[in-house]
Amino acid sequence: MLLEVLNPRHYNVTSMVSEVVPIASIAILLLTGFLLLVWNYEDTSSIPGPSYFLGIGPLISHCRFLWMGIGSACNYYNKMYGEFMRVWVCGEETLIISKSSSMFHVMKHSHYISRFGSKLGLQFIGMHEKGIIFNNNPALWKAVRPFFTKALSGPGLVRMVTICADSITKHLDRLEEVCNDLGYVDVLTLMRRIMLDTSNILFLGIPLDESAIVVKIQGYFDAWQALLLKPDIFFKISWLCRKYEKSVKDLKDAMEILIEEKRHRISTAEKLEDCIDFATELIFAEKRGELTKENVNQCILEMLIAAPDTMSVSVFFMLFLIAKHPQVEEAMMREIQTVVGERDIRIDDMQKLKVVENFINESMRYQPVVDLVMRKALEDDVIDGYPVKKGTNIILNLGRMHRLEFFPKPNEFTLENFAKNVPYRYFQPFGFGPRACAGKYIAMVMMKVILVTLLRRFHVQTLQGRCVEKMQKKNDLSLHPDETSDRLEMIFIPRNSDKCLEC
């Protein structure tokens, strides 16, 4: 029996081979197909960028964005691979562009009106298919944009001049509220309060606690910035999300109380024309069934946080630049005296404040706050000879482009860079085209009003050795000073006194 078992003639060799060969063939074919797929993926891409390398490339590039921040990672990759290059974010092919011709193409075409970001992250903060800033549903975005456009132009823009000037005067009269024990002014907090107050009066009209809401806005922004590109697995770990959940809830709860008060005032108003504003228009649209309550609340929230979040930092950087460049301050003061004199600033002064406007433009070019734009291709396209597939993410690196093309002294702060008219394709601090910043005109007017009103009353100085170039910053969704660092305060000296303001 044993010999029979050991005898090869008792085995059906043909049967054994026929069973083994198909299994081996399938394994070899699968491996070959996978290798061909990887090889084909890398070889068919003509766009410069890091290697795919069996999926490790996308993992590394996404981790770099999470570690360095969006803005810093974009600068790193453009410097390494050129002004039109490809990485992966959230596993999706993403182009990083700092070339003006390519940016112009993306901004002007309607098939790039969508943005991109983690769906779970945007749901977490309430922006997924709601509001305007990161609403990636083109139909819903188009439904709310007219409300923003109407509120931020025409009569609203004219009203803003007086409202903003009054708010600045009111806050400067109470400057001790934002001074430390040495009399140094916390400019960021001051600007955030002024802009929140102005936005509230214009768009909501409900009394609020500025100090508390400003803190909540910063917490919300930190959550938004931190969660925008997080992988889905992050949101399945509850303890990782807890801090951000509280920050988002704090602002949303505070805003909901204010908006409910607005609803009550509308329902009990004897004359509706007395309370018609941005929030009222949205609430009426909700009653007509055009918008959901959640979308209305998110739109109002975004309208109130926009200026305290970004424009306040822009003016903060501007004041530091004024302190470092006294000749620029002198030129601005001469123009302010000539155009405005001793009276209140008016809307018809805006076009005459050319030096102030050039200063604002050069400040936004040299030290931007919003230095990138995130978009998604909604259809196949070709940009500067490179094929772009539908669904491709695109990041426009505006800050880098503003230092690469056209300007005679791109790495210096000088008004010479705007001595001549700059073609708008080379300077886009607010973007342009169908998804340009809805508030770009009112933002420019608001910054002029703030600078004129403040500089007429105070000369500004930084603490010794402080300037924007040496300031620690975080370059993520936007570029902000590191507020954990010291000596971000400034010294305000009244124009009619040689002594520093004592708060």
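Numbering starts at 1 and runs along the chain as displayed.
Glycine too: its Cβ is placed from the backbone N, Cα and C atoms.
These come from Swiss-Prot:
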type	residues	note
TRANSMEM	19-39	transmembrane segment
TRANSMEM	53-73	transmembrane segment
TRANSMEM	303-323	transmembrane segment
BINDING	Asp309, Met374	substrate binding site
BINDING	Cys437	heme binding site
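Structure with Swiss-Prot features highlighted.
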| residue | record | DSSP class |
| --- | --- | --- |
| Asp309 | substrate binding site | helix |
| Met374 | substrate binding site | strand |
| Cys437 | heme binding site | coil |
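Here Cys437 (heme binding site) comes close to Phe430, Gly431, Ala443: these same-chain residues lie at least six apart in sequence, with C-beta atoms under 8 angstroms from its C-beta. For Met374 (substrate binding site), the Cβ neighbour count at a 10 Å cut-off comes to 20, with all displayed protein chains included. Within the same chain, the residues at least 6 positions away from Asp309 (substrate binding site) whose Cβ sits under 8 Å from its Cβ are Ile217, Phe221, Ser478, listed in sequence order.
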